[in-house]
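> Look at Swiss-Prot and you will find 210, 234, 306, 309, 332 tagged as active site, backed by sequence analysis. Annotated active site, O-(3'-phospho-DNA)-tyrosine intermediate per Swiss-Prot: 341, in sequence order, evidence recorded as sequence analysis. Per Swiss-Prot, domain 'Core-binding (CB)' is recorded for 16-121. The annotation domain 'Tyr recombinase' is assigned in Swiss-Prot to 169-354 on the grounds of sequence analysis.
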């Protein structure tokens with residue numbers, strides 16, 4: 001989502017929230033939380049407060065009037081009823097056959113509520129230096145996590161990775177073959193954005209940065225001489241990320257057309273731009289997800305930008321056998337999350353042996 005639109009949506013949610021949620025929001029800006037995270041949390045709070053009113057657990061006529069005592073005196077049974085509601089409510093997605101929300105979505109909702117409750121019961125200080133209240137009912141609510149071994153997860157993921165020669169083959173396909181299947185009208189749109197789209201895909205495959213990190217790149221953050229980019233990692237930390245050399249040509253080709261094709265002026269700082277009616281804007285995450293999905297589906301299998309991150313990590317581990325190096329490249333503080341790539345590479349080695 002474009003930053004300007006994201007901030008606009010955040011303000012819309014803030015306008016209907018109780019004062020203590022606004023306090024929480026302001027506090028989290030200092031952490032700092034990403035605006036995308038805060039936006040998702042505000043959406044979850046609206047979902048929760050709407051349910052409180054529908055379930056007659058508050059007499060407030062509107063969300064902004066729900067007082068602190070309502071949250072303070074909610075019971076474990078109340079929260080379990082909310083979880084049951086989420087699990088069984090009709091899906092808003094008309095294309096889905098599921099009756100309720102996924103466990104992943106439910107966990108995200110509970111995570112947002114846990115963060116709010118922790119703030120209200122531990123972090124905030126009133127005039128007497130005490131939290132608003134002490135009883136944190138969220139500590140009594142358990143979340144159900146998907147059980148899956150690393151080996152099982154590796155098996156599921158590796159089918160959606162572009163390993164070995166497929167990394168460059170994917171880029172080559174978008175560059176030289178994709179448009180052959182398009183109508184003349186579709187070709188015109190494809191050619192306008194071809195260099196940009198290739199640059200985005202190449203950067204994701206060559207650096208392993210997160211989608212949000214690619215979206216938030218500015219021109220000043222990209223050093224093609226050193227093949228290093230500066231990104232803001234989770235938690236607000238700046239990091240320098242090395243980029244594999246095969247991406248350089250694609251990035252240079254995009255920069256050669258960026259100003260002219262997207263009507264970019266000096267004040268347009270975003271690295272990846274889109275243009276509508278002569279106005280350039282930062283390309284948003286949703287557009288990049290759709291773009292990657294479209295090209296990858298035509299090439300082999302529909303994947304997300306995060307699978308391109310997994311692709312880079314797996315290839316890097318295969319080349320170096322260093323979990324430390326991979327974790328640094330991905331911006332992780334621990335090597336634990338890179339265990340997945342050892343399983344994928346070990347499976348690939350086993351398959352190679354079986355073919356001898």
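Any Cβ shown, glycine's included, is placed from N, Cα and C.
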> Relative to the Cα of residue 306 (active site), which of the active-site residues 210, 234, 332 has the closest Cα?
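Closest candidate to residue 306 (active site), judged by Cα separation, is 210.
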> Of the active-site residues 210, 234, 309, 332, which one has its Cα closest to the Cα of residue 341 (active site, O-(3'-phospho-DNA)-tyrosine intermediate)?
309
> So what sits near residue 309 (active site) in its own chain, CB-to-CB under 8 Å and at least six residues off in sequence?
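Result: 204, 208, 209, 210, 330.
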> Looking at the active-site residues 210, 234, 306, 332, which sits with the largest number of other Cβ atoms within 10 Å of its Cβ?
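Highest number of other Cβ atoms within 10 Å: 210.
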> Once the chains shown are all counted, how many other Cβ atoms turn up within 10 Å of the Cβ of residue 341 (active site, O-(3'-phospho-DNA)-tyrosine intermediate)?
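The Cβ of residue 341 (active site, O-(3'-phospho-DNA)-tyrosine intermediate) has 26 Cβ neighbours within 10 Å.
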> When DSSP states are grouped into helix, strand and coil, how many residues of the domain 'Core-binding (CB)' (16-121) land in each?
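Split by secondary structure, the domain 'Core-binding (CB)' (16-121) comes out as 71 helix, 0 strand, 35 coil.
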> Could you state the whole-number distance in Å separating the C-alpha atoms of residue 234 (active site) and residue 332 (active site)?
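Taking the Cα atoms only, residue 234 (active site) lies 9 Å from residue 332 (active site).
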> Would you report the average pLDDT that the model assigns to the domain 'Tyr recombinase' (169-354)?
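PLDDT averaged over the stretch: 91.
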